[in-house]
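**Q** What follows is a structure written as structure tokens; I'll ask about it next.
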């Protein structure tokens, strides 16, 4: 049997880029909670002892941006300079302007257009992907890397591994076989974890705790064998982390946010963007379409692309590829997709309830992936039953 290796990485919520994603989405939540028509394009950057929030926001909401920044940093665990950032004492800069009136008139007519008339907030192309290799209909390499990162945070916050600090990265290499276009995981080839830690812990203790409390609870035993390679803090020392170790910026972890390198990506980031930004809403609807195709038995693996022009409601193109795993021709599946999904931005906002903020709704998406999550707030993960007739043998 011919096999190949494929690798996906993740970072946890204390990584400086992910910190920025979470602040941007916390701002979005605050705006949408008070004003569902808020137009938000919120960027965040961070470095030692500094967080800056900047962008274009038009909203009736009363938002305390500095409080959102400090609360988000504190909740992640950035509570002192020792761990990379002190939420209560760092410098917070806010540079927010209104949305460009040129964009406003072209996209939503200064809030006068009906939902079906609202145009895309920008040009672009987005991809959705699904595969039957996991219950989440997501790639196993990505699922495992993401869950390892989430588990790192869990054992840090519950005190199981008190030596952990907020920043950390994970990476998983899976050996696969190709079953006529479908991906079949065989085993985990390599597990890599680099996690920030305090001064007191030894490398041996780090390796032992990571295997016992992070890897074993996350990776099913059937995928591990005596040949699985473990690289656990291979650099030997990771005390300085968070914004103290590296600068952070919103939108720099777009592959981690999506499919771990599988499928494709149009390049647009998600966090800090309201649903008129099709970078986000378009990617959500095509994930729902791809997932529904696989869940309905139309294919074992699928990618869906949609594209837009700024100010134009209807998509320019919709594309489906099932990698040869489709039960009926891809052109027939494309027809089913177009009949069942409304790709107009205003209608996507309604059908996926994307104007509802608050309660950490979008903040939750900003760490540990936007897809494959079992959470009712992730409305794009709800499978739409697709009716089709199996061809006669």
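Quick reminder: no glycine exception, Cβ is built from N, Cα and C everywhere.
So Swiss-Prot has the following annotated:
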BINDING   9  Mg(2+) binding site
BINDING   15, 167, 168, 169, 235, 236, 237, 238, 246, 252, 253, 269, 273, 277  ATP binding site
BINDING   43  K(+) binding site
BINDING   56, 99, 246, 277  L-methionine binding site
**Q** Take the C-alpha atoms of residue 253 (ATP binding site) and residue 9 (Mg(2+) binding site) and report the distance between them in angstrom, rounded.
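**A** If we compare the Cα positions of residue 253 (ATP binding site) and residue 9 (Mg(2+) binding site), the gap is 10 Å.
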**Q** Spatial neighbours of residue 273 (ATP binding site) among the binding-site residues 9, 43, 99, defined as Cα within 10 A: which are they?
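**A** Cα filter at 10 Å returns 43.
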**Q** What whole-number Å value do you get for the CA-CA distance of residue 237 (ATP binding site) and residue 43 (K(+) binding site)?
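**A** Per the Cα atoms, residue 237 (ATP binding site) and residue 43 (K(+) binding site) stand 31 Å apart.
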**Q** Going by C-alpha positions, which of the binding-site residues (9, 43, 56, 99, 277) is nearest residue 235 (ATP binding site)?
**A** 9
**Q** Judged by the number of other CB atoms within 10 angstroms, which among 15, 253, 273 is the least packed of the binding-site residues?
**A** 253
**Q** For residue 56 (L-methionine binding site), what is the secondary structure by DSSP, using just helix, strand and coil?
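**A** Strand, per DSSP.
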**Q** For residue 168 (ATP binding site), just give me the three-state DSSP call.
**A** strand
